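Look at TrEMBL and you will find 14-222 tagged as domain 'Phosphoenolpyruvate carboxykinase GTP-utilising N-terminal'. Look at TrEMBL and you will find R73, Y201, G202, G203, S252, N370, S371, R372 tagged as substrate binding site. Look at TrEMBL and you will find K210, H230, D281 tagged as Mn(2+) binding site. Residues annotated as domain 'Phosphoenolpyruvate carboxykinase C-terminal P-loop' in TrEMBL: 226-586. According to TrEMBL, the feature GTP binding site maps to A253, C254, G255, K256, T257, N258, R372, R403, Y497, G498, D499, N500. TrEMBL lists C254 with the feature active site.
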Amino acid sequence: MDAPKKATDALKTWVAEVAARTRPDHIHWCDGSDAENRRLTDAMVADGTLTRLNERKHPGSFLHRSDPGDVARLEDRTFICCEDEDDAGPLNNWKSPQAMKAVLDPLFEGCMEGRTLYVVPYVMGPPGGDAAKVGVEITDSPYVAANMRIMTRMGRVALEELSRKGHFTKGLHSTGDLSKENRYIAHFPGEDLIMSFSSNYGGNALLGKKCHALRLASVQARNEGWLAEHMLIVGVTNPQGQTTYIAGAFPSACGKTNLAMLVPPQADRAKGWTVETVGDDIAWLRFGEDGRLRAVNPEYGFFGVAPGTSEDTNPNALASCRANTLFTNVALRPDSTVWWEGLSPAPPECVDWLGNRWTPKSDHKAAHPNSRFTAPAGQCPSISDRWQDPEGVPIDAIVFGGRRSRVMPLIFEAFDWKHGTYLGATMSSEKTAAAEGAVGELRFDPMAMRPFCGYHTADYWQHWLDVGEKGGEKMPKVYHVNWFRRAKDGSFLWPGYGDNMRVLEWICDRVQGEGDAIETPLGYRPTREELHMDDLGVNAEDAEALFAVNREDWLAECNERDAWFDLFGDRLPAELRKQNDALRQRLG
Ligand code: GTP
Ligand code: SPV
Ligand code: MN
């Protein structure tokens, strides 16, 4: 039998098996067409799942209010189900494939009775390219199907890609009863399978995104010599016309979308600097024929954080989600437009994310802190001409960053790739509303992949070191940034957003072999002049505070990092411990 027929038959067989178990009333194969999308969204408006927004101001757009207990990723209920517990590592929850299925199979039994089963074929990555991967999500949620249509290349295009590739990742999802007791997001790397039950929230339910493109893909990437990373991809062009492509790993809700869509301040634009968006959340990096690391964005849309997005902070995101967008858990204004904290300085009277009347005097936020927009990437005004290039864009710099109120300076450059890997491995960040749990608590989040790496973190670090060996001189430079350091009064020391351009410009200059730097124990940092601090209105005292390296704090940080490394036992690459000792030495 030829490969395309074999793949299609395998898909049909799997759908039939799932249908026999879950017993839906209907089966619908999604083709990804506009007509199909209209039928789906009309039906969801009719049954109250969606509210149609103002057709003039937000054409083709809808609001969805989720179950109030289903608003973020649930890391406690996310499992890696490989055969050997040791391979999942200390940062993942583990269950054996057999044990996990013993829990899930009864839950899926008959779970689609009275519902429609949607077959959602999708491609991650530009179709036709080597990087592209096919997945098929089976779901009983039309809301999930409609989101997948925006986030991935969905429908007919995926079946065509399947006949070329001959293999697909299986994702089985059911709304279940939306209770937390029954919520599981389970990954089976050995079978290239995902099973997700009882959540319709983004990362738990849109299985192409974190489950496929990161957790399962990271395992494949390790086996095949590439990297699947939680990174934005941005192109920065200098006045001489040289474009530097930068990939940035920041934890959830720590600024990837914003940096990817940055609008340079007027003065920088006047000098000729421009910024283009390639991706805002996930990067697949592999070596090109020229031996350089190249990145593709596997996604087709943005699942962006709404609060804090405004005409001042991120006009490109606002333009991206004007039309053809699904909003989840934002507030609704009387004219059927949307609102969230930070969109405008004066909060309007509106209906909050729970569906209740809300006034500026209310004691809670109008939009959920993790409310989101799902918008087509092609609608972003700053989208790069090369965002769908199957070859990807060559990466010149990798930037790590976290949310650190204290200790961590604004920007520094790693001495080399090994030191850069150490910076990624020791990243930490204050927790955000993107995952359930206490917001603000500081935790290690290596390479911003703590919730997304599908195997043992120490092996992942070794893989980073190995990739660096392979790439040699052609590897990107590595940086660490922190936009979130605070003054004593609690305010941010750094203006952030568009003004992050100053930091990107310095990185570009360094990559192009220019840009002054001062050596510090942490790495190389720019001079104040390099960042044009004075034009920014950052006073001398704040500028000092942004770069301050307090020896006591940093020695304590080194000790915490040693304890962190202890978690990984003898699988820890010796190089990382060596890097920590070297930092301690440099601190004196
Ligand atoms: P995920 O989609 O969860 O992976 O998040 P993300 O990393 O793309 O974060 P995003 O860009 O959506 O930003 C999250 C929050 O941080 C938003 O409320 C932003 O307004 C805020 N933010 C982003 N960049 C900056 C910055 O430079 N300074 C400050 N103070 N806040 C920022
Ligand atoms: C994140 O939490 O990092 C997100 C949103 O990008 S989610 O798709 O839910 O993972
Ligand atoms: Mn993310």
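Along the chain as shown, residues are numbered 1 onward.
Each residue, glycine too, has its Cβ placed from N, Cα and C.
Just so you know, TrEMBL annotations are computer predictions that nobody has curated.
What TrEMBL annotates, mapped onto the structure for a quick look.
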residue : record                 : DSSP (3 states)
Y201    : substrate binding site : coil
K210    : Mn(2+) binding site    : helix
S252    : substrate binding site : coil
D281    : Mn(2+) binding site    : coil
R372    : substrate binding site : strand
Y497    : GTP binding site       : helix
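Taking a C-beta cut-off of under 8 Å and a sequence gap of six or more, G255 (GTP binding site) has these contacts in its own chain: G401, W483, G496. When Cβ atoms from all protein chains are considered, those within 10 Å of H230 (Mn(2+) binding site) total 25, not counting its own. Less than 6 Å separates the Cβ from ligand 3 in the case of S252, D281, drawn from the binding-site residues S252, D281, Y497 in sequence order. If you take every residue in the domain 'Phosphoenolpyruvate carboxykinase GTP-utilising N-terminal' (14-222) and average the pLDDT, you get 98. Y497 (GTP binding site) sits 25 Å from R73 (substrate binding site), taking the CA atoms of both as reference points. With R73, Y201, G202, G203, S252, N370, S371, R372 listed as the residues that bind substrate, the site has a largest C-alpha separation of 14 Å. Annotation for R372 (substrate binding site): same-chain Cβ neighbours under 8 Å, separated by at least 6 residues, are G202, F303, G304, V305, A306, F327, T328, N329. Of all the binding-site residues listed here (D281, D499), the one with the fewest other CB atoms within 10 A of its own CB is D499.
In this structure, the recorded positions under consideration are A253, C254, and the one with the smallest number of other Cβ atoms within 10 Å of its Cβ is A253. Nearest to D499 (GTP binding site) in space, judged by Cα atoms and limited to the binding-site residues G203, K210, S252, S371, is S252. Other than K210, H230, D281, the residues of this chain whose Cβ falls within 8 Å of the Cβ centroid of the Mn(2+) site are, in sequence order, G203, K209, A213, L214, S252, I282, F452. Residue pair S252 (substrate binding site) / H230 (Mn(2+) binding site) shows a Cα separation of 9 Å. Within the same chain, residues at least six positions away from N370 (substrate binding site) with a Cβ under 8 Å of its Cβ are V71, A72, A253, V305, N329, T432, A433, A434.
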